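Before any comments, here is the structure.
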Amino acid sequence: MRPIYLFVSLYKKVLHMTVKYKRILLKLSGESLMGGDPFGINRETIMRIVSQVKEIADLGVQVGVVVGGGNIFRGVSGQAQSMDRATADYMGMMATVMNALALKDAFESLGTKARVQSALSMQQIAETYARPKAIQYLEEGKVVIFAAGTGNPFFTTDTAAALRGAEMNCDIMMKATNVDGVYTADPKKDPSAERYQTLTFDEALNKNLKVMDATAFALCRERRLNIVVFDIHKDGALKNVILGADEGTLVHN
Ligand code: UDP
């Protein structure tokens with residue numbers, strides 16, 4: 001082996017030993033894929049996000065991703081007004097499948113193996129969700145993208161993320177947002193707002209701080225699955241969290 005490759009491989013081994021979380025569930029909202037566009041998938045943005053994930057996967061971190069669909073369709077949005085709610089929600093779930101396929105494609109274009117597992121059967125385009133297979137893929141170092149939310153109307157992809165995170169025995173749920181954590185007030189409106197470094201689930205509830213939707217939050221709390229809220233658009237933020245740096249907000253039991 002050439003000395004440079006030996007050095008890189010040793011460096012990665014040392015970094016792997018310092019990673020704080022070995023298996024994570026990353027929740028990406030549909031909106032995080034839009035970039036500056038008014039809707040849909042922005043290729044440059046998705047490539048930037050996927051590169052961040054690749055960085056930690058290369059350190060040996062096992063990554064499951066739950067992706068939302070709000071950039072394309074939401075069951076509770078104006079577009080769906082006067083529609084039957086369950087039908088609109090199925091459309092929303094199908095939007096998440098489109099995002100999942102785009103993510104898989106982006107991962108593979110960077111040479112990172114990825115699999116899509118859908119909670120709704122669509123066997124021509126994605127495997128149907130199966131827990132043992134998903135765990136096997138994670139152990140093999142493949143990124144597993146969970147599509148179609150929970151497969152049920154009236155839920156959200158935040159809840160799907162909590163569910164898959166608990167089922168996959170993840171060490172942490174990483175909630176990617178456009179803000180670098182949970183603040184005492186809205187930092188866009190109040191310049192004196194301060195970021196919480198850590199918070200307990202109880203504090204978040206008592207202070208009425210919105211971390212995830214109530215069902216997802218309750219499930220994480222009950223399963224003792226801690227949450228880190230961080231800014232996915234900040235370069236290196238994901239890796240910083242994984243390496244235990246002061247990044248984002250940790251919500252814990
Ligand atoms: N959805 C659903 N059940 C689920 C997950 C999602 O019905 O388990 C539907 C729902 O209509 C939702 C849409 O899919 O509005 C997109 O998901 P979400 O709003 O959670 O996406 P995000 O806000 O993360 O982009």
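Glycine residues also receive a Cβ, built from the backbone N, Cα and C atoms like all the rest.
The domain 'Aspartate/glutamate/uridylate kinase' feature in TrEMBL is assigned to 22-231.
What TrEMBL records for Lys27, Leu28, Ser29, Gly30, Gly70, Arg74, Thr177, Asn178, Tyr183, Asp186 is ATP binding site. Taken residue by residue with DSSP, Tyr183 (ATP binding site) is part of a strand.
Per TrEMBL, UMP binding site is recorded for Gly69, Asp89, Thr150, Gly151, Asn152, Pro153, Phe154, Phe155, Thr156, Thr157. Here Thr150 (UMP binding site) comes close to Ala119, Thr159, Ala160, Leu163: these same-chain residues lie at least six apart in sequence, with C-beta atoms under 8 angstroms from its C-beta. DSSP classifies Thr150 (UMP binding site) as coil under the three-state reduction.
Over all protein chains present, the Cβ of Thr177 (ATP binding site) has 20 other Cβ atoms lying within 10 Å.
Counting neighbouring Cβ atoms within 10 Å of each of the binding-site residues (Asn152, Thr156), the lowest count belongs to Asn152. The two recorded residues Thr156 (UMP binding site) and Lys27 (ATP binding site) have their Cα atoms spaced 11 Å from each other. Neighbours of the UMP site: apart from Gly69, Asp89, Thr150, Gly151, Asn152, Pro153, Phe154, Phe155, Thr156, Thr157, residues of the same chain with C-beta atoms within 8 angstroms of the site's C-beta centroid are Gly75, Gly92, Met93, Gly149, Thr159, Ala160.
Ranked by Cβ neighbours within 10 A across all protein chains shown, the binding-site residues Gly69, Gly70, Phe154 are led by Gly69.
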